[in-house]
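S.K.: One structure follows; several queries about it will come next.
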Amino acid sequence: MGRRRAARGPGAEGGRPRHLPTRSLEAFAEEVGAALQASVEPGAADGEGGPGPAALPCTLAMWELGHCDPRRCTGRKLARLGLVRCLRLGHRFGGLVLSPVGKQYASPADRQLVAQSGVAVIDCSWARLDETPFGKMRGSHLRLLPYLVAANPVNYGRPYRLSCVEAFAATFCIVGFPDLAVILLRKFKWGKGFLDLNRQLLDKYAACGSPEEVLQAEQEFLANAKESPQEEEIDPFDVDSGREFGNPNRPVASTRLPSDTDDSDASEDPGPGAERGGASSSCCEEEQTQGRGAEARAPAEVWKGIKKRQRD
């Protein structure tokens, strides 16, 4: 008989076992706390000096299709920092996969799945979804994200248009690991803004127990926002508001000059005929109508006089 062939592949000695033992959430939480502590050390949030892949207690992966600008792509930056590993088309990911073809929302019910197998995203352009081969990015746990607002500079303020790092962070917040979201968002100057914009919603989703409850929380939020729209408070002295001009002394709907002076004069001094009953009121209305007609003709006559003087 020949020699026994040496073991190969993920199950080989020294390699990663094919089936990992179940991970306790308590031990995972301790690893998350250690990773957060390492990320806040001096120099950890400055880019290349950040923590390596061993600093994160779970796997982060990404299918990168090359649709985005490499200088603005948050997924590529995380990959350069060693926080995310790139997958090729056709590779299967065993953890939670954020995909537009998912059938249910990510929820706290996925907490153990994320702790055990991690999260993967699809880095593609929102404008090219029709040509994205989602069937070649395989996974057993496809999920969607509920209503959230983007804070990245490209799609700031637009719902659902999250970048890769925002998708990772949202998933961690929903399943109950917000410290992991902080670790990733610290790599971007605008990262904290994502949590500030969506704090209320993320807390609502994290308090749910199932995908159905997350869907219900989303629907309730959107219904309340539609029923009670809040008027925008505008600071007239805010130079960064984006408004080119504005007059705080006049309502926006006003289309003609106010006639407060004429109305106040008429109300304060109605004339001697006002004490004589209804007949006097109709007479006053006729006089006011004639007066308004004369005022309407006056600007036209003045304009004709100006044009005549210009011709002369």
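Keep in mind that glycine also has a Cβ here, set from the backbone N, Cα and C atoms.
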S.K.: Candidates are Ser241, Ser259; I want to know which one Swiss-Prot annotates as phosphoserine.
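M.R.: Per Swiss-Prot, phosphoserine applies to Ser259.
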S.K.: Among the residues Ser267, Ser282, which does Swiss-Prot list with the feature phosphoserine?
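M.R.: Record lookup in Swiss-Prot returns phosphoserine for Ser282.
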S.K.: Among Thr261, Thr289, which is the one flagged in Swiss-Prot as phosphothreonine?
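M.R.: The residue tagged phosphothreonine by Swiss-Prot is Thr261.
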S.K.: I'd like to know which of the recorded positions Ser24, Thr74 has the most other Cβ atoms within 10 Å of its Cβ.
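M.R.: The residue with the densest Cβ neighbourhood is Thr74.
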S.K.: Around the C-beta of Tyr160 (S-adenosyl-L-methionine binding site), how many further C-beta atoms are within 10 angstroms, looking at every protein chain?
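M.R.: Its Cβ has 14 other Cβ atoms within 10 Å.
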S.K.: Work out the three-state DSSP category of Ile122 (S-adenosyl-L-methionine binding site).
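M.R.: Note: Ile122 (S-adenosyl-L-methionine binding site) is in a strand by DSSP.
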S.K.: According to DSSP, does Leu145 (S-adenosyl-L-methionine binding site) fall in a helix, a strand, or coil?
M.R.: coil
S.K.: Are there any residues at least 6 positions away along the chain from Leu145 (S-adenosyl-L-methionine binding site) with a Cβ closer than 8 Å to its Cβ? List them or say none.
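M.R.: Non-local contacts for Leu145 (S-adenosyl-L-methionine binding site): Leu98, Tyr105, Ala106, Tyr160, Leu162, Ala167, Ala170, Thr171, Ile174.
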S.K.: Helix, strand or coil at Thr74 (S-adenosyl-L-methionine binding site), per DSSP?
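M.R.: SS state of Thr74 (S-adenosyl-L-methionine binding site) = helix.
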